[in-house]
Ligand SMILES: Nc1ncnc2c1ncn2[C@@H]1O[C@H](COP(=O)(O)OP(=O)(O)OP(=O)(O)O)[C@@H](O)[C@H]1O
């Protein structure tokens, strides 16, 4: 069907460099994507050329050339960690060609095909947050860019869990004063009613399509065209789905676009709230209950955790004891950060069992990965050896008082050394901000020469174990000299040295 694909070894002259074709990666309806080598430095890139099937009609080819050029131009003006960067574009043998970042990984469609089962909510939510974030970036361009073809094959997932949006073939800028799109596009099941040529699509079309994409990932069933899912329909297929998440999808996929999230930012915030377990379904679109944006995964936006820029998350004030940010509303939660599965975690009902995905929040692993605790439950009685429930004060076997180890930190800063018994969790580490009523348990305001973010890191207790999590701080946290990855929990062990700027904290248990 495709005429003469470029053979391996072909060298193409671009505008900025030469490229050697290393092999075909994939073919779409109108193009082909190859892995290539940039000749000047041997680095690997993806080369996409428009290569219509031989039987394509001339008008179709012309229309697709327009779309290809548009994709190329669009991508060159954009810069976002969830978009492949474009480094060159040129024509070869009359074919428009684009050289872009080579994304290692698979499309969500490939992943789903391989797994053939619903994915865990925590993974889908994390993908959804990243997709919403990049779509929000597109929607907030001037003029707004509507992606218009959000669906699993157009989303790639790297082994580190980073999402990259590919295929801008039908993305287009939103033109005010235009009542209708010139071309009706999108993919059945993912496209909202207004995309069936009945009106001009706006950002809310992408909201519907992202809802449909997440629905597909959660249920392993393609979305039914023009059908909002019903209450209970997601949970029926996947027990890891919470009622709150189901409501988010239902809202995103409302037929009436006025009833959907009105912006991608509010969709993202609703997903963040699901992830943090603080969602209030009837306030899904109320920005005042939304947390501040979390960082971009591999390229944090400095503004979000900058000690001088961002206000405290509004939800923090509304709920004095919110579920921890990394928590999960599921009564038997799997850890939201993709740690090894706990034995009591309920898997979705559909068969086969969903795959454990790569750590959802994790850029390339730099910290020692969190290893499963040696015991999932509580302390072992030193009298009779029985394992007890996590919060037991007396042994259920012999009645002896359970001796609890007290974790502590010895904190050394240029100004002081002090010891702190960790008795309250979560134990927040950061800089105080009285204006926001923010007073972390470990306040580094006087000690770190301005390095710590207000919400820098947190120590959380899980049974008898303690997890340190960097909350996307600007300047980072290191553990035993190794920089931590934001949101990737580190299981603290006695002797671990936590460093934030000039402050060092040594963890021990007595
Ligand atoms: N930047 C990239 N890095 C690595 N692989 C990529 C990249 N872009 C695309 N691919 C791979 O190539 C395949 C085809 O890409 P893409 O969907 O962009 O092509 P297309 O011709 O526009 O397809 P369609 O007909 O679906 O619009 C993808 O499914 C993906 O596997």
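Placement of Cβ uses the backbone N, Cα and C atoms for every residue, glycine included.
Here is what TrEMBL records for this protein:
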- 48: ATP binding site (BINDING)
- 298-344: compositional bias 'Low complexity' (COMPBIAS)
- 345-359: compositional bias 'Polar residues' (COMPBIAS)
- 361-374: compositional bias 'Pro residues' (COMPBIAS)
- 19-272: domain 'Protein kinase' (DOMAIN)
- 427-484: domain 'FHA' (DOMAIN)
- 285-374: region 'Disordered' (REGION)
Tally of residues which DSSP labels helix, strand or coil - the domain 'FHA' (427-484): 3 helix, 24 strand, 31 coil
Packing count at residue 48 (ATP binding site) (other Cβ atoms within 10 Å of its Cβ): 28
Overall pLDDT of the domain 'Protein kinase' (19-272), taken as the mean: 87
Assigned element (helix, strand, coil) containing residue 48 (ATP binding site), judged by DSSP: strand
